[in-house]
Ligand SMILES: Nc1ccn([C@@H]2O[C@H](COP(=O)(O)OP(=O)(O)OP(=O)(O)O)[C@@H](O)[C@H]2O)c(=O)n1
Ligand SMILES: C[C@](O)(CO)[C@H](O)COP(=O)(O)O
């Protein structure tokens, strides 16, 4: 492990993914890669998005805690802004994670794809299942994380959490000239469309192969697996796993967090 890591804690009886009843095959171990190296241009000027505060705590810390909340996740790899790995390491040192969860910090790249690949490159060999989770989805509930891990453990090479759409979606052609209206060319059947979230879960070898093979620009990791011709399956996502992209998303995230804190009594 690099200097940017905490030493692995001893196995505990609290139950890592490798723990099994006597005689059973060990369960595959799961690591979560968190791409957090984006600027957050759509959120507006300020610090890199992952380091901006949500309820007084950096968004990245919420995302790391969301992964660490799953008893199946025993390593979190944070892909930090390229010049911010030291700051991210200090943040993680300052915010307690469960004893069972180890972490690593690596510097990210120019694109999300590149950042995910750099996170994958840093994974120790003993992890067979990989989750990829956007730092920009800080409020994903643990049940969604567990559902993705379970589906990969049951044999799916690639799993995405997703929710139905509320809006009708139109496919358009680019406008003939700037300022001209965009012509609609199709209306896909909404009932068959899904809005895809993270964490997306993968058999590690499949994801590594996808990142080593697919060079086109894509907006998520599962579409790289689709391009290999392999099956990707959907499990139910959650409305609170939305992505903080624009200023209004941050307002919603603050409200969701305030509601949780009220319900939890702190
Ligand atoms: N070079 C990049 C670009 C994005 N990401 C991460 O990928 C996730 C999803 O990306 P997005 O929400 O688009 O974040 P940004 O790229 O920061 O946003 P924007 O496009 O508005 O700049 C985020 O957690 C972001 O930090 C990354 O690790 N490395
Ligand atoms: C991976 C993702 O969150 C799935 O919805 C999304 O595609 C990321 O897109 P972004 O434009 O890089 O935020």
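Glycine too: its Cβ is placed from the backbone N, Cα and C atoms.
Any TrEMBL annotation is an automated prediction that lacks curation.
What TrEMBL lists as region 'Disordered' is 1-30.
DSSP assigns residue 42 (site 'Transition state stabilizer') to a helix. The site 'Transition state stabilizer' annotation in TrEMBL covers 42 (among others).
In this structure, residue 49 (site 'Transition state stabilizer') is part of a helix by DSSP. Neighbour count (other Cβ atoms within 10 Å of the Cβ, all protein chains): 25 for residue 49 (site 'Transition state stabilizer'). According to TrEMBL, the feature site 'Transition state stabilizer' maps to 49 (among others).
Annotation for residue 190 (site 'Positions MEP for the nucleophilic attack'): same-chain Cβ neighbours under 8 Å, separated by at least 6 residues, are 164, 165, 168, 169. Among the features that TrEMBL reports, site 'Positions MEP for the nucleophilic attack' is placed at 190 (among others).
TrEMBL lists 243 (among others) with the feature site 'Positions MEP for the nucleophilic attack'. Taking Cβ-Cβ distances under 8 Å and a sequence gap of 6 or more within the same chain, the neighbours of residue 243 (site 'Positions MEP for the nucleophilic attack') are 134, 136, 137, 197, 249.
Put simply, residue 49 (site 'Transition state stabilizer') is 9 Å from residue 42 (site 'Transition state stabilizer') when counted between their Cα atoms. Close contacts with ligand 2, defined as a Cβ under 6 Å from any of its atoms, occur at none of the recorded sites 42, 49, 190.
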